[in-house]
Structures are given as structure tokens and as C-alpha cells.
Amino acid sequence: MAEAGVGSAEGAEEERRAVEENFPVDGNSCIASGVPSLMNPITKPATTSFNNSVVEIPRKRKGSDSDNQDTVEVDGDPQKRNEDEEHLKIKDFREAHSQTEKRRRDKMNNLIEELSAMIPQCNPMARKLDKLTVLRMAVQHLKSLKGSTSSYTEVRYKPSFLKDDELRQLILRAADGFLFVVGCNRGKILFVSESVCKILNYDQTSLIGQSLFDYLHPKDVAKVKEQLSSSDVSPREKLVDGKTGLQVHTDFQAGPARLNSGARRSFFCRIKCSRTTVKEEKECLPNPKKKDHRKYCTIHCTGYMKNWPPSEVGVEEENDVEKNSSNFNCLVAIGRLHPYIVPQKSGEIKVKATEFVTRFAMDGKFVYVDQRATAILGYLPQELLGTSCYEYCHQDDHNHLAEKHKEVLQNKEKVFTNSYKFRAKDGSFITLKSQWFSFMNPWTKELEYIVSNNTVVLGHNESAEEQVSYGSQPAEGAVKQSLVSVPGMSSGTVLGAGSIGTEIANEILELQRLHSSPPGELSPSHLLRKSPSPALTVNCSNVPNKELIQLCPSEAEVLETSEQNQGAIPFPSNEPLLGGNSQLDFAICENDDTAMTALMNYLEADGGLGDPAELSDIQWAL
């Protein structure tokens, strides 16, 4: 039995050695790390006892159990090893990810610290700012620079066919101002364009080399200095610390070295004017006692900052000031005169003037009516087309409008009328002011139409009684006459007033014919009359200098009819409306039938309705 026990002990010892050789126990072993509890019964007696017999006795007693455990452990080893390997891979991946995140955080912190050192607003801070505050300050600093590269390079683009002087003249003409260059250190005027004479009435040579601060209003000097010296003139945002929640106060002032080329500038200032300009301002300003307004003009300056080498600008004498910066900083801007706005009276509401546009032919007949006229006058555009504007104007305004009508036909400039009354559709009168100018066809060199920009001065504010009283008061020098009351017409208008414009147009055409060279070269407008032919020559007293006017046959027939009836020679069918004794006196008629007959005879003579030759030209519908 003793030998058998010894033999079994030796067999167990050999099996243990074989297991140790196949699966060494060390720090990197999978079994040692994965199943330490299974190895403890084998390794623990060896480490705690130095006697071989003591080690062999417990193994002898538990020989069968340990054999079974070792057999099971060896049989399930591949699956266990796979789980251990996966566990190690996950552990290694987590360790590598944590190391990567740590390196990224360290790198970001270093970049934030470098950014904080580069931002001027962060330097005066005694404590360390959080990351969010540093980023906000960086954004604010970048906004203050206002794009020094891209916006500045855009200024250099110009068409290749334009020279620098031509481009400068075009810019000054479009801006309606003067160009000037001012140094940022002392405010010295380095350049000013010749157009400054038109605005400030100063000579160009008298301003170059002078200090801009000497011409500024005392209260505007500090503002202009701020624009010339500070690189951050825009209102800053309120910065709040993310950790403490308190507002961060920054006391930072930009030095000359921080002025950035291309930074935009726009400000208003008051500049001293010359004496001749002061005299003009005394008349337009409501309070001439204020000396500041009389001496200074408000100028709107817009431009950008520019860096130049001192040698290019010619400021060698200022090199002592430019020690801290390699380039010379200056402001390039355009100054435009800001118009003076008269203060509005208290209680008044400033409303945009009501306007509408119309077009007339040479004889004053509407050829185009703006749609806005419907809301003002009540007429539809098609109701006014083809009718004369004199038919709707008050009779007391005919003389004034006729003078302006002649003026706009003879001149190419704009003509402004005084206030006149225009009859609306409901019978009331609206006060208008008009601006007339003639449009010439660029191909035929003939007048196409007259454009009229009409502005409402007073709305529908006159009743019928006021209109009658207004019409009953004639102009100065006019003879009081009895007016005809025709049903459907306002009391202020005159029957047959539409021929006034035709008379004026014919008069202007005849004057042009007389003052022109050979008659064959004359090309009168075909809108009013046919080509002239020798017919009848009359002496018209209303034509300047008693010129002789050549009339067409249709006009001659009207004159012959008027000679037989009245024994006088008036202007053909139109003159009675302008002269002082030209009103149709229907009061001599005994009854309404006689007045109506006379009215129809006049309309036939005026419109040519009784001429059978003209009826043949009408295209009758079949």
C-alpha cells in the first residue's frame, strides 16, 4: 500500500510538471489571469511549505478531485481563452481611447492658451478665463478688424480701359462730394480733391498740409480722433464668464500698431465753411442767430483705413512718430454734404405728397394717364385720353397754363407751374402743381409728347359754393363777363376750352416755320395738322411782333365763316377763348331754344362737323 501511495504521488507530480510546462504561470499567462482560483490549490502549498512530504500528503488525499478538475480545465480551455482575449482587447481599446482623448484635451487647452495670449482683450485679465469667454473675445476681436484682406482687395478692381484720373472723376461725380486723405497720427490733410471748392468753398492748395482738427467743430474733434485712432469703434458685446456668471470688463485701447488696413469708417462731423457759403446758409436756416450753424457744414465721411510706407506718402518729417509702426496709417474717405432738414412743426404729420403722371400731345390733349389719377381725380384713364387738359382747368388759370405751355414747347428745360385748380369727376376742384418737360424723338428730332408730373397741393377741400365764388372773381385786368351755365359742366370751366392747346401748338409751329431756313427743310408734326398749303393770310394780333401765319384750308373756311357773321377777323375758332372779349355771350339769346341752336352751331364750327368733305374720310362699318 505504501508503494502504491508513493507511485500515485509520483504520477501526480509528473502530471503537475507537465501542466506547468504546457501552461507556464507568469504575469502574462491567460490561465494565471483568467482562473486564479483554480491554480491556488496547486501553487499555495508550494509557496507556504518547504517540506516535500507535506506537499505530497494533501495531493494524495485529493488526487482524484484534482485530476478531474485538471481534465475539465484542459478540455474547456479554447473557449475560455477566446473570452479572455476579447476581454483584453476591450480593455486595451478603452485604454487607447482614453489616451487619445487626453491628448486631444491637452492640445485644445494649449491652443486656447495661445489664442488667449494673442487677443488684446484677454491680456489685462488677472485670473484665467474659461474657454467660452476666450472664444467670445476672439470673435469680437475679429469683428473689429472688419475683413482687412477681402474687402480691401475689392477696391483695387477697375476697368482696364479707365485711367486712374478718369476713375477718380467718375467716383467724385457719382458721390457728389470731395475725396480727402488724412493722416491718423496728427490729422494732417495729405490730399483733397478740387471738388472741395464746391462744397466748402476752400481752395485745394490751401487745405493740403493743414490739420483737419483746425477746421472741425470743437465738439467733433474727439469723435474724429476716435475714428482715426481706434480700430474697434463698433459697440462691443457684453462678455459673461461661463464659470462665475459675472460680466467681464475689458479696458483695452488699440494702439497705432493695431490699426488694420481696410477697416471701414463712416461718421458725421461739422467742418468750417468759407464766408460765401455762410451767406447762403443765413437765408435757408430758420434761426440765423446760431453761429455754429452759420459757420459749419455737416459732412458725411465714408471711407477706409490704409497703410502706406512713409516714403510713398512724403512724411519723412514724421518719422519720429512712426517708430512703433513700419507703415504710415491714414484715412481715405469721401465727404458729402448732409442736407439741412427743417425741423417739423409740432403736431404735424409728415405725409408723402400724392403724385400722378400724365402725358400731353403738343395741343395739350392727354395721351397717357397714370392709374394713380383715378384715386385722386375720379376719372378712369380712358375717360381722359383724347381730351384737352384745358377742359378741366379753372378758367382763371388758363392764361398762366397757356404761358407755361408755350414755354415748354420752346425750351428743352423743365418748367414748373404755379398752383392751379383741376376739376375732379364729382365737380370739385383739386389744387395741383405740375412739372412739365418735353420729350424729343431721338430719330426724327420731333416733339413726341409733354410729360407732366402732378403733385396734389390741396385735396377735395372746396365745396360748390367756394367754386362759384372763386370763378366769380376774375383775374386782375380781366373784364367781368357773364358765364354760360351748361348742364353737366362745372361753373369754373369754359365751354370750348379744349381748343386753347391747339391754338398754342399751331402758333409755335408757325413760329418755327418763320425762323427756320428754306421751307422745304421744315418737318412739322403730323399730330396736329396736315402739310401746309398756300391758302389765306391773316394778321393776328396775338402773335408776337405781328408775324403773318399761314393757315391750312380747313382753318381758312372757318375764318371766312366768321368774317361773314361778325365782320371781324379773330384767330381761327380758338382765339375767342384767350382774349378778353372772347367769351361766347349767350345771354343775348331770348330763350333756351335759341341758346341751344347757337351752341350747336358753335360746336359744328369748332369741331368741323358741318364739313361734308371730312365725312368721306370716315370708314363706315358694313
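Each Cβ is built from the backbone N, Cα and C atoms, and glycine gets one as well.
According to Swiss-Prot, the feature region 'Disordered' maps to residues 1-29, out of the candidate ranges 1-29, 494-522, 523-551. Within the same chain, residues 353-362, 367-368, 373, 376-379, 383, 392-394, 396-397, 400-401, 404, 408-409, 411, 467, 470, 490, 492-493, 523, 525 sit at least 6 positions outside the domain 'PAC' (417-460) and bring their C-beta atoms closer than 8 Å to a C-beta of that stretch. When averaged over the domain 'bHLH' (92-145), pLDDT in the model lands at 84.
Taken through DSSP, the domain 'bHLH' (92-145) splits into 45 helix, 0 strand, 9 coil. Around His97 (site 'Interaction with E-box DNA'), taking its Cβ as the centre, 10 other Cβ atoms fall within 10 Å, counting all chains. Just so you know, the Cβ of Leu145 (site 'Important for interaction with CLOCK') picks up 15 other Cβ atoms within 10 Å once every protein chain is counted.
A Cα-Cα distance of 12 Å separates Arg105 (site 'Interaction with E-box DNA') from His97 (site 'Interaction with E-box DNA').
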